[in-house]
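Some notes on the structure that comes next.
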Amino acid sequence: MRVLLHLPALLASLILLQAAASTTRAQTTRTSAISDTVSQAKVQVNKAFLDSRTRLKTAMSSETPTSRQLSEYLKHAKGRTRTAIRNGQVWEESLKRLRQKASLTNVTDPSLDLTSLSLEVGCGAPAPVVRCDPCSPYRTITGDCNNRRKPALGAANRALARWLPAEYEDGLSLPFGWTPGKTRNGFPLPLAREVSNKIVGYLNEEGVLDQNRSLLFMQWGQIVDHDLDFAPDTELGSSEYSKAQCDEYCIQGDNCFPIMFPPNDPKAGTQGKCMPFFRAGFVCPTPPYKSLAREQINALTSFLDASFVYSSEPSLASRLRNLSSPLGLMAVNQEVSDHGLPYLPYDSKKPSPCEFINTTARVPCFLAGDSRASEHILLATSHTLFLREHNRLARELKRLNPQWDGEKLYQEARKILGAFVQIITFRDYLPILLGDHMQKWIPPYQGYSESVDPRISNVFTFAFRFGHLEVPSSMFRLDENYQPWGPEPELPLHTLFFNTWRMVKDGGIDPLVRGLLAKKSKLMKQNKMMTGELRNKLFQPTHRIHGFDLAAINTQRCRDHGQPGYNSWRAFCDLSQPQTLEELNTVLKSKMLAKKLLGLYGTPDNIDIWIGAIAEPLVERGRVGPLLACLLGKQFQQIRDGDRFWWENPGVFTNEQKDSLQKMSFSRLVCDNTRITKVPRDPFWANSYPYDFVDCSAIDKLDLSPWASVKN
């Protein structure tokens, strides 16, 4: 009788035990399914990465690389960036396979167990890749540990920040324009190349130069951009065939999103049906997995820290140093010099695309903190100046502090050079970029706040591409009297991509630096946006007659990144959102441009953010429109206020050191690191020689005496 009384409880316990066992079996089955699926995905993705590396090596050995192969050389992921992108691709491929299995077998969707999936892939929650020393006076190379509360905030190889949610065709990863016939807000999207042809292109180069901004103004923008963001491409497919499908046959699929040519496009006659386009690298989503939409990677630190000099990758940062010397120096070229002054070291990895630009000279690409250093000769020139300045600072600090070891000298010189980039950007560059909107978006510095998010936003990577419209069609080299230098003083822009030989074998950097100081940038004009040198001849090899279209690439990249449209960003910035032709005309102050845009897009809501932003008229005394002023200003304010090592933050430098730092200038950088003796006082403004130039003796020097150790 007593047993019967306890029978219900026993039965209930038995049921619970059976349920628990069933749950455990289901969990084990699910975990096993995830493990098997991830293993299969890893095999596929790893093969794609291996194939890509082999393919690139073979292409560079051919001595006749194509535009695509030159671009791939620049956008090829390395080191920890490569690992992060590989994990992102494995995660997305695994999730796709698991969802397919779930729908086929009608079982509970295993993708709900996203934590297990992330751990199996190797993602995990973002954590610092270095041990944080809260008392260290120096930044880490990776950007970790800047924010003590969230040590990974702003670090390299994390997702770009979203200020507005991503907008993909399928809500997850497919870009708008992917599926033929599918509309956005009721209208089909125009081809990216068609937008470039009808909105961005122009024929006549007359009257395009900016009468108030020097060529250095354009070049500084590129330097800053390469300090802040870089998203290498994904790896495509797992076979040579899939690569050929994208590269040669324009077959869309996987991470291939070719830029198709519209009917009667002049490029169609020489380049076939399309320009190949590979989608940007992305990372695993992070807990709590509120969104599974694809998030593109930023391979660099988000901080304005001169990472283009020192790298955001620890292994490369070490490789860039001269560790055989106790002076804290950066490594320099051991094979050639610029009239006794150092060049960047050559990249020892062979083969090098720069060698094939001139197969007689065969000058390799340079090795620098940013992989894009040899992309263009003026960029390589800028990198060279910063390399020399680091070594100059390190030697001078050693003279003041003989007891300092190489590590201390390296870190102190790096810290000063980082402050230099911050000061020039905020004191000299941004005020004449943002004009009257500077104070609105970047108020005076009030100190560091760990609650400010310093991460580079996804939209900023498009906003900062306004600089592509400031690039003129040719570059000039000038002699000591700022007159044309040598038999070829003017060089078409497209001949200077990967062109290291022009520097090493044909005059050094001084003639190029003088061109930066005395020649003008191109002016952003609504009817003359981007020079044909970039719109038709980007990365055009010397042995070929065609190149890429940078405007079409920028437009396609907006869609690849899932960028919301023009009006979404206007609303974000508290600006009006035009809906009609009249309203768009009011914003753009150009009925012709408004008509063209509506004819292509159907609605202002669909205008790609890069196109809409560059179409706006310039703000007073600035060089961008209101929307760009908002996006750029907001980003730079966050970069500054969310950086614990910002040069003005109390405790980073002493008051005496800060007083010295404020005397730094780009003109002094030139005086100290070239043979140039005459420079302008305001090098970002358009200057005429000799009226606006002074002797280097009239330019303030950086006084390093406040860095002298008390012990000395």
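Keep in mind that glycine also has a Cβ here, set from the backbone N, Cα and C atoms.
Swiss-Prot lists 1-26 with the feature signal peptide, giving sequence analysis as the kind of evidence.
Residues or ranges marked as N-linked glycosylation site by Swiss-Prot: N106 (among others).
Swiss-Prot lists N212 (among others) with the feature N-linked glycosylation site. Other C-beta atoms found within 10 angstroms of the C-beta of N212 (N-linked glycosylation site) number 15, with every protein chain shown included.
Under the heading Ca(2+) binding site, Swiss-Prot lists D227, T301, F303, D305, S307, citing sequence analysis as support. Around S307 (Ca(2+) binding site), taking its Cβ as the centre, 29 other Cβ atoms fall within 10 Å, counting all chains.
Within the same chain, residues at least 6 positions away in sequence whose Cβ sits under 8 Å from that of S315 (phosphoserine) are G79. In the three-state DSSP scheme, S315 (phosphoserine) falls into the helix class. The phosphoserine feature in Swiss-Prot is assigned to S315; the stated evidence is similarity to another entry.
Secondary structure at N322 (N-linked glycosylation site), as computed by DSSP, is coil. Annotation for N322 (N-linked glycosylation site): same-chain Cβ neighbours under 8 Å, separated by at least 6 residues, are L329, M330, A331, V332. Marked as N-linked glycosylation site by Swiss-Prot on the basis of sequence analysis: N322 (among others).
What Swiss-Prot records for N358 (among others) is N-linked glycosylation site. N358 (N-linked glycosylation site) is surrounded by 17 other CB atoms, counting those within 10 A of its CB over all protein chains shown. DSSP gives N358 (N-linked glycosylation site) a coil state; it is part of no helix or strand.
For Y482 (3'-nitrotyrosine), the same-chain residues lying six or more positions away in sequence with a CB closer than 8 A to its CB are R514, A518, K678, Y689, P690, F693. For Y482, the entry in Swiss-Prot reads 3'-nitrotyrosine, with the evidence type similarity to another entry.
Counted over every protein chain shown, other Cβ atoms within 10 Å are most numerous around D305 among the binding-site residues D227, D305. Looking at F303 (Ca(2+) binding site) and N212 (N-linked glycosylation site), their Cα atoms lie 29 Å from each other.
According to DSSP, N212 (N-linked glycosylation site) is assigned to a strand segment. In the three-state DSSP scheme, T301 (Ca(2+) binding site) is classed as coil. Geometry remark: D227 (Ca(2+) binding site) versus N212 (N-linked glycosylation site), CA distance 25 Å.
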